[in-house]
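As recorded in TrEMBL, the features of this protein are as follows:
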- Lys37: active site, proton acceptor (ACT_SITE)
- Tyr277: active site, proton acceptor (ACT_SITE)
- Arg136, Met325: substrate binding site (BINDING)
- 256-384: domain 'Alanine racemase C-terminal' (DOMAIN)
- Lys37: N6-(pyridoxal phosphate)lysine (MOD_RES)
Amino acid sequence: MVKHSSRIELKQSAYKSNVNFIRKKIGEKPILSSVVKANAYGHGIESFVPMAEKCGINHFCVASSFEAEQVLSVCKPESQILIMGIIYEEDLEWAVAHDIAFFVYYFDRLPKALEAAKKVGKKAKIHLEVETGANRTGMNAKEFPKSIAYLKKNEDWLVFEGLCTHFGGAESFSNQFKIDRQHKKYKEFLRQCKEKKFMPQLRHIACSAAALAMKDTVYDLVRIGVAQYGFWPSPDIYFSHLHETNKKSDTSLKRIFSWKTDVMDIREVDKGEFIGYGTAFQATQKMTIAVLPLGYSNGYPRALSNRGQVLIRGKKAPIVGLINMNLFMVDISHIPGVQVGEEVVLIGRQNNNVINVSSFTNVTQLLNNEMLSRLPAAIPRTVVR
Ligand SMILES: *Cc1c(COP(=O)(O)O)cnc(C)c1O
């Protein structure tokens with residue numbers, strides 16, 4: 001295999017520590033489902049899933065049947081997969097055949113699931129997702145009684161594996177009234193199940209923010225995305241944790257991700273010369289410039305032109321000029337002795353310096369999740385200790 005122009009490393013020890021931290025918050029009993037949609041928030045499903053399994057995770061949530069297939073191709077046979085989003089009708093049989101559970105958010109999906117189950121000769125694992133106030137997917141209250149009746153009637157083929165909902169904005173305490181309302185509506189659905197003496201195996205509503213800051217939202221399973229990757233879901237959730245633990249700061253959640261490349265070329269530039277395209281950067285003195293072999297087509301935001309920094313020999317090297325499609329340049333005048341082929345850290349730590357995802361997202365207005373999840377799947381991901 002020839003080398004790619006950059007690489008991503010996942011730090012297993014940091015991940016393990018995140019899992020332990022989340023586990024402490026939610027208690028021993030609930031299933032900790034790892035949300036690996038969007039290529040594991042950019043971390044790379046292929047490398048991330050086996051690493052998570054080594055850290056004791058055996059349940060994965062994805063956004064589509066396509067992603068479920070990616071997980072299936074790398075996970076242990078005993079690991080569970082749950083599709084929270086799109087699954088096309090023609091893929092229902094495939095899901096059932098592979099014991100993949102899925103959200104059902106309107107009644108008409110149930111007869112189709114039944115049909116698929118009978119055809120495959122296996123039970124379909126159904127998670128009824130109910131509408132509680134987020135108004136994206138979610139079964140409305142009107143269809144619910146008929147849906148549980150249908151599940152009950154067809155118990156031989158349909159498993160009522162889950163009853164779930166998703167909070168629209170548990171990250172921000174200014175939304176608390178809405179989250180409370182959603183939780184209350186969820187309990188109303190649960191009450192109906194109790195009344196019919198037909199309970200789901202797994203009740204689940206908590207995402208990272210809810211699981212970390214709202215203990216009463218932790219039922220039988222939690223769906224944890226952002227926090228397992230070492231990011232606090234929001235300042236609100238971080239400060240609520242500090243308040244709860246009476247601390248001034250906390251490093252329990254650790255970034256597991258680093259992004260690296262190598263110096264491709266080094267050149268001297270005279271005072272007055274322009275660097276790269278256009279006139280975006282003009283050398284104010286004689287400068288030493290390192291050329292790096294990636295650009296915006298590789299996920300490095302163009303908005304960091306003339307603004308971002310990378311690490312070389314543990315020192316910050318500022319970007320000079322525009323981020324090109326496959327190249328950009330950094331100033332290394334203040335870092336003596338740099339050689340072609342030397343390691344460059346784009347995100348992560350080198351010696352005593354660090355570049356955080358947030359230093360990107362502050363400039364680009366992207367969400368951390370957005371920045372990471374957009375990193376091209378083609379960048380190789382490897383697991384390090
Ligand atoms: C993405 C997602 C999650 C995980 O959210 P985080 O805030 O990253 O923990 C949980 N549930 C559903 C339905 C989601 O789409």
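Cβ from N, Cα, C; glycine included.
Positions of TrEMBL features highlighted on the structure.
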{"residue": "Lys37", "record": "active site, proton acceptor", "DSSP (3 states)": "helix"}
{"residue": "Arg136", "record": "substrate binding site", "DSSP (3 states)": "coil"}
{"residue": "Tyr277", "record": "active site, proton acceptor", "DSSP (3 states)": "coil"}
{"residue": "Met325", "record": "substrate binding site", "DSSP (3 states)": "coil"}
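When the recorded positions Lys37, Arg136 are compared by the number of other C-beta atoms lying within 10 angstroms of their own C-beta, Arg136 comes out lowest. Rounded to a whole value, the Cα-Cα separation of Arg136 (substrate binding site) and Tyr277 (active site, proton acceptor) is 44 Å. Comparing Tyr277 (active site, proton acceptor) with Met325 (substrate binding site), their Cα atoms are 11 Å apart once rounded. Around Met325 (substrate binding site), the C-beta neighbours below 8 angstroms that are at least 6 residues distant in the chain are Gly295, Tyr296, Ser297. Neighbour density for Tyr277 (active site, proton acceptor): within 10 A of its CB lie 13 other CB atoms from the protein chains shown. In the domain 'Alanine racemase C-terminal' (256-384), helix, strand and coil residues by DSSP number 20 helix, 48 strand, 61 coil.
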